[in-house]
Amino acid sequence: MNFLHQYYQDIIKKKLENLNDKIQCSFEFFPPKNLDTEKKLFSSVVKLSLLKPFLFSVTYGANSGERKKTYSIVQRIHKKTGITTAPHLTCVDASLSELKEIAKFYWENGIRSIVALRGDVPNKSYQHKIYALDLVVLLKKIADFDISVAAYPEIHPESKNAQSDILNLKKKADAGANRAITQFFFNVESYLRFRDNCIKNNINIEIIPGILPIYNFEQLKKFSSMTNVSIPKWMFEMFNGLDEDLETQKIIGSNIVINIVKTLLYEGVKNFHFYTLNKSDVIYSICHMFGL
């Protein structure tokens, strides 16, 4: 990454000098499936903890086994690093009474931060009865949790339109959400328009951009298809012919993410949320470069 570091060093330094507050980051992990992936996860956790993030978060499955695994990983990460670690909590396959018991259990066991989400549908026939807004309301009734919620610069796959997403986010903010973390994106203008729209609609919480590192373009296309995230044409051109060259893909992907973060810095963004995929190498390099 030295060649990229040299190119951006002066620009970034000037930008950092103009920031009144320290730039901060948060990192998202998912529970490991086996001992080998668990070792890799905690190796990444330790590495990224050196950046002193304001938050770690751990994703969450709908069944009880996955919930217990999330709780275990959250507690172990916090014990190992001392960094605030938030479990994701979703509404899928859970009643309000079950969610209430989980939230009480979390609070009684020292967890003060939660990422409150509706959750993805397990199948096409599934009908949601409880939504993220309901969960935010429930959490605030139980205790003064610090709550992060989701936001969608390029429209949630199930939303009617962009304004519907904005109104839903405003309801969550008004109900007590402390911040919103966006779905990942590659068109920075989408995030900036969304942020402006939030301001126009009096959404008075921070809209933290979600940043996804690029390791494998085929994998990225699958992620984007599932989440309704658009990939610009120029990205397809950049990765053309590199299907078997993952090392070059990683270098190009790092450059793309660097440009996204750099542009957001110039637009006044000070907090970033990284979807780590339980890896640390690229993210650590990028964050270190920007003084995070």
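Cβ atoms here come from the backbone N, Cα and C positions, even for glycine.
Swiss-Prot annotations:
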type	residues	note
ACT_SITE	GLU28	active site, proton donor/acceptor
BINDING	THR59, GLN183	NADH binding site
BINDING	TYR60, ALA62, HIS88, ARG118, GLY119, ASP120, ALA132, TYR152, HIS156, ASP165, ASN168, LYS171, LYS172	FAD binding site
BINDING	ASP120, GLN183, GLN219, LYS279	(6S)-5-methyl-5,6,7,8-tetrahydrofolate binding site
Here the 10 Å Cβ neighbour count for LYS172 (FAD binding site) comes out at 24
Once DSSP output is merged into helix, strand and coil, LYS279 ((6S)-5-methyl-5,6,7,8-tetrahydrofolate binding site) belongs to coil
Counting across all protein chains, other CB atoms within 10 angstroms of the CB of THR59 (NADH binding site) number 17
Rounding to whole Å, the Cα atoms of TYR60 (FAD binding site) and ASP120 ((6S)-5-methyl-5,6,7,8-tetrahydrofolate binding site) are apart by 11
When the binding-site residues ASN168, GLN183, GLN219 are compared by other Cβ atoms within 10 Å, fewest goes to GLN219
Check: min Cα-Cα distance from LYS279 ((6S)-5-methyl-5,6,7,8-tetrahydrofolate binding site) over binding-site residues THR59, GLY119, HIS156, ASN168 goes to THR59
For HIS156 (FAD binding site) and GLN183 (NADH binding site), the CA-to-CA distance in whole Å is 9
Filtered by Cβ under 8 Å and at least 6 apart in sequence, the residues in the chain of HIS88 (FAD binding site) near it are SER57, VAL58, THR59, TYR60, THR70, ILE114, VAL115, LEU117
For the recorded positions listed (GLU28, ASP120), most other Cβ atoms within 10 Å of the Cβ sits at GLU28
